[in-house]
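S.K.: The structure under discussion is supplied below as structure tokens; questions concerning it will follow.
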């Protein structure tokens, strides 16, 4: 029994050095994206995260055109594209009667189409699949250093804007009266969203990055309504999901991104039924107690 467990869950990381690097990178992504995802969820900005995850694709594709699979160049291109999408969406919502989420929805479809066309024109089907769905084989030391930098940056910026973000969730009007820096805090937060989405694309692919950000946060909210616990649960589920997803991707020879998201989807189904705060069975149980 122990030998079977070891061969399934431990030996792959001992025998395959690239998988060990992918695990370390995935753990850092789970921590960083998990924190950002909780704030996205509580701010009712889940669609924004989805839109930005697709919005970075043209920048990655253009960087790929000039520099090939250079992680730093592609990440820089992705960040620039994501920031531009956020700025354009904000300007559209400011100067028209469209809400910001509608602007993001239109722009992300446009960006996704441009990105796919560019990659297909300058690369191959394999390049497209790699960028869209990720590959553990692409995780090298450069990826490790990049994601470490993103994690540190995320922790530093969140520590500075944590209270304003909470206040924005609870009472945005009060925050606007209290300080004129509300727009700056919002801009920094969107920058963190873009940064984390770009940092994740090597392992998860651009189509799957938002899954690591949002699914653990959604699951965590079904288990607790206390901020500290939600953050901790989201990070834990992200780490466990990344580990199991990487193991499954090796054994079944499937891209790492979809496998990690499938594992997280399993956690979501469990949370949906058994979560302490709003789970289906919990709500039914509560109704029966009230009737009694």
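Cβ from N, Cα, C; glycine included.
Bear in mind that TrEMBL entries carry predicted annotations, made automatically and left uncurated.
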S.K.: Labelled transmembrane segment by TrEMBL, one stretch among 143-162, 163-182. Can you tell me which?
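M.R.: That would be 143-162, per the transmembrane segment entry in TrEMBL.
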S.K.: Determine which recorded stretch among 104-123, 143-162, 183-201, 258-281 has the most C-beta pairs below 8 angstroms with the transmembrane segment (207-223).
M.R.: 258-281
S.K.: Take the transmembrane segment (21-42) and find every residue of the same chain, 6 or more past its ends, with a Cβ under 8 Å from one of its Cβ atoms.
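M.R.: Non-local partners: 13, 48-49, 136, 139-141, 143-144, 147-148, 150-151, 154-155, 158, 165, 169, 189, 192-193, 196, 199-200, 202-204, 209, 212-214, 216-218, 220-221, 227, 230-231, 234-235, 237-239, 241-243, 245-246, 256, 260.
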S.K.: Residues of the same chain, at least six outside the transmembrane segment (143-162), with any C-beta under 8 angstroms of its C-beta?
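M.R.: Sequence-remote neighbours of the transmembrane segment (143-162) are 21, 24-25, 28-29, 31-32, 35-36, 39, 71-72, 75, 185, 188-189, 191-192, 195-196, 198-200, 202-203.
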